[in-house]
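S.K.: Mind having a look at this structure? Questions to follow.
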Amino acid sequence: MAEERFPGWHGTTILAVRRGGEVVVAGDGQVSLGQTVIKGTARKVRRLSPGGHEVVAGFAGSTADAFTLLERLEKKLEAAPGQLARACVELAKDWRMDKYLRNLEAMLIVTDGETLLVLTGAGDVLEPEHDVTAIGSGGNFALAAARGLMATELPAEEIARKAMAIAADICVYTNGNLTVERISK
């Protein structure tokens, strides 16, 4: 999506792993323009606390668009405290139907430590089947690595870090400078 309006912008891998009563969300810090790394320390994973209920969100795509969506999500969560799935469905409906929001180019992974969801501009609110999900340019690499590591006894954070390291080794738009947030219910 972002490549249509901004053909040279690339970057971001966000991965979420749910295991042992917690969810870990990890994101790399690289932002690239064409073949140039513009920034290596961007924070694409955020902790939100609307109405005192903690949520962790990671985003891929346009940063400004993602922040707009995160602000909207916070408002939806304030209107439906502790109901992450409901708030995400309401946001997805707005995102799909509102003329302004429809043009936003970002994807989100959100979790409250129990529920884990991916939100897309197509109106999708998806819950992963295997307690692992990923978005962004290196998302498929991180997802494959994490799915393989889920067969081990490693804790969620270690799975996330190892999978992100593998993605960073393969995807030129992903680096090893991670932001990692943990949340449990």
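First residue shown is number 1, and so on along the chain.
Cβ coordinates come from backbone N, Cα and C, glycine included.
Taken from Swiss-Prot, the feature active site covers Thr12, and the record attributes it to sequence analysis. Positions annotated as Na(+) binding site by Swiss-Prot: Ala168, Cys171, Thr174.
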S.K.: Measure from the CA atom of Thr12 (active site) to the CA atom of Ala168 (Na(+) binding site) and give the result in Å, rounded to a whole number.
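M.R.: Each residue's Cα considered, Ala168 (Na(+) binding site) and Thr12 (active site) end up 10 Å apart.
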S.K.: Same chain, not part of Ala168, Cys171, Thr174: whose C-beta falls within 8 angstroms of the C-beta centre of the Na(+) site? Give them in sequence order.
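M.R.: Other same-chain residues with Cβ inside the cutoff are Thr13, Asp28, Gln30, Ser137, Gly138, Phe141, Ala142, Met164, Ala167, Asp169, Ile170, Val172, Tyr173, Asn175, Gly176.
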S.K.: Write down the Cα-Cα distance for the residue listed as 'active site' and Thr174 (Na(+) binding site), rounded and given in Å.
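M.R.: Cα of Thr174 (Na(+) binding site) to Cα of the residue listed as 'active site' measures 6 Å after rounding.
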S.K.: Report, as a single number, how many Cβ atoms besides its own are within 10 Å of the Cβ of Cys171 (Na(+) binding site).
M.R.: 22
S.K.: Do you know offhand how many angstrom separate Thr12 (active site) and Cys171 (Na(+) binding site) by C-alpha?
M.R.: 10
S.K.: Is it possible to get the count of other C-beta atoms within 10 angstroms of the C-beta of Thr174 (Na(+) binding site)?
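M.R.: I count 29 other Cβ atoms within 10 Å of it.
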S.K.: Select the most exposed residue of Thr12, Ala168, where exposure means the fewest other Cβ atoms within 10 Å, treating these as the recorded positions.
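M.R.: Sparsest of the recorded positions Thr12, Ala168 by Cβ contacts within 10 Å: Ala168.
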S.K.: Give the helix, strand or coil assignment DSSP yields for Ala168 (Na(+) binding site).
M.R.: helix
